[in-house]
Amino acid sequence: MSLHRVSSMSSYEQIARGSSPARSEHRKMSFNPVGSGKAPSRKDEPVGAFEVSKTKRIVQVAIAVIYCLFAAGIVFGYAAIKPVLIQEGVYSQFCEQDEFMSIELGRTCYEQEIRLNLMFTTAAVATNVCALPVGTVLDRYGPRISGIIGSILLTIGALLMAFATDLPFDAYIPGYLFLALGGPFVFISSFQLSNTFPRNSGLILALLTGAFDSSSAIFLFYRLIYSASDESFTPRKFFLVYLVVPIFILIVQIFIMPANSYKTVGELITQSEERTRETGSEDTASRGQHRESVISETTSLLSKSATNQQTEEDKKKEISGVWGALHGRSALQQIMTPWFIFIALFTVVQMTRINYFVATVRTQYEYMLHSDALAEQVNHVFDVALPVGGVLSIPFIGLVLDNTSVPFTLALLVSVATAIGVLGVLPFLWAAYGNIILFVLYRPLYYTAVSDYAAKVFGFQTFGKVYGLIICLAGLLNFSQSGLDAMTHKVFHRDPLPVNIILLVIALVVGVVLVGYVYHQSRHLHRDALEEEAEESEDTRMPGAPNGF
């Protein structure tokens, strides 16, 4: 699976050969906008999966999937809860007197639209930017503390959203912000559970990331209940009920979930040898016995042979066409290259387009289809398709990233993004549905492809810094959405087409430059590899050739 580029098997293989595993070998990846890689740096007691009963490990994985489903990325269900907030009159006090008629029809005025969208923009930015502090907390204090912090942030967010109308300040933006901050703390800390069953690590990561994408459906279900109850199940009631989720997370973190991350084989042996060197309490023989014990125990959890696994990994590296392009360089050296600059620009533009569409899908189609009913219908389809598309695209993403080159993958991203942009400016219902279908399939592929690019080009040694910086920059520049909203309403009088066309052209230009550069460099890398292989090969005498030839 593409979700787990470096498996536990590679760690075992290094130890079996007698080499010390590099810490960069143990990073995990996902298509989640905040990433999942982390380097082990804590001096805690290493925990091997074989030290915990199989039943408990199964329960831990199941619980993590459940709470990720209810908490990891619920803020991305904004398109579903936005109509509820509009119906409840959130920010309607900022509308002019002559705009109240349109509000009663379910539309929004300019000031109300800007503030509602700022809720989502702030949350989306926070989700990306907080990846760095989440990784620091996780490295230093472990997954239990990280999960507890996440539950506290979710509690604060739910309480602010529930009592926003009674508080003397605008509580909606900070409330939604805290819900966004809580998600990465509980989600990223769950990825270490892929080491509970190393032979099924890809499946576990797929379940967790699938839960993340599906969590956007929570607000969809709430909106359906809100409508079915004749609007009596108010946001206050919903968010008070939602407090069950962070309470559940807090309880399971204390009593069931592991306090320390499960370690891979390489981490177990490295940490064991580090402690031995520091304390000097073990002699060489006992260290050797412990090493063999760890390898033996962990090997029993693996079903594939190390040789087969290594062959598969080598094949993927060769197919990628860019593997190792900047491996071994410092993060500063890497971010000064076009490899980083072009992918960062591409990510900024695409993430802005994605989040802008999520925040404005209904208002865009109200204008383009000239029908509130059709726009509402499109919005409902989008609310369902977003989480479903994230789950259905998982096997497709794995096939693409594992069996095609990076230049091909980037070209596919640019092509699909362009198709989405074209469909997004066509004022037809069929184009709206086609746009949604492509969008929900493209979103997870895009996130995963960017993290996959970072791993293959920059390497795992600097993955956290480089990929984190890419996502952080993209998140910060997503505040430009407020400017796009203002431009749409004030300059173009609610017409979304000019902004969509501008974004389409910028994305196409940046995408073509990125694909062209990566393709050109991949050709050079391939030629260099052939030359190196030729230089290392031994001279052989042609059959029948005379001596000396």
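From the backbone N, Cα and C atoms, a Cβ is placed for every residue, glycine too.
Features of the protein shown, as given by TrEMBL:
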- 1-46: region 'Disordered' (REGION)
- 1-13: compositional bias 'Polar residues' (COMPBIAS)
- 61-81: transmembrane segment (TRANSMEM)
- 118-138: transmembrane segment (TRANSMEM)
- 145-165: transmembrane segment (TRANSMEM)
- 171-191: transmembrane segment (TRANSMEM)
- 203-226: transmembrane segment (TRANSMEM)
- 238-256: transmembrane segment (TRANSMEM)
- 272-313: region 'Disordered' (REGION)
- 295-310: compositional bias 'Polar residues' (COMPBIAS)
- 339-358: transmembrane segment (TRANSMEM)
- 378-401: transmembrane segment (TRANSMEM)
- 462-479: transmembrane segment (TRANSMEM)
- 499-519: transmembrane segment (TRANSMEM)
- 530-549: region 'Disordered' (REGION)
Under 8 angstroms for C-beta pairs, at least 3 of them, ignoring pairs fewer than 6 apart in sequence. Is the transmembrane segment (462-479) in contact with the transmembrane segment (171-191) by that rule?
no
Should anything in the same chain at least six residues away from the transmembrane segment (238-256) have a Cβ under 8 Å from its Cβ atoms, list it; otherwise answer none.
56, 59-60, 63, 67, 70-71, 144, 147-148, 150-152, 154-155, 158-159, 161-162, 182, 186, 222, 225-226
Honestly, do the transmembrane segment (203-226) and the transmembrane segment (61-81) touch, with at least three Cβ pairs under 8 Å and pairs 6 or more apart in sequence?
yes
So, does the transmembrane segment (339-358) come close enough to the transmembrane segment (118-138) to give 3+ Cβ pairs below 8 Å, pairs being at least 6 apart in sequence?
yes
Contact ranking winner - 171-191, 378-401, 499-519 against the transmembrane segment (339-358), Cβ under 8 Å:
499-519
Leading contact stretch, 145-165, 171-191, 378-401, 499-519 vs the transmembrane segment (61-81) - CB distance under 8 Å:
171-191
Based on Cβ pairs under 8 Å, which of the stretches 171-191, 378-401, 499-519 lies most in contact with the transmembrane segment (145-165)?
171-191
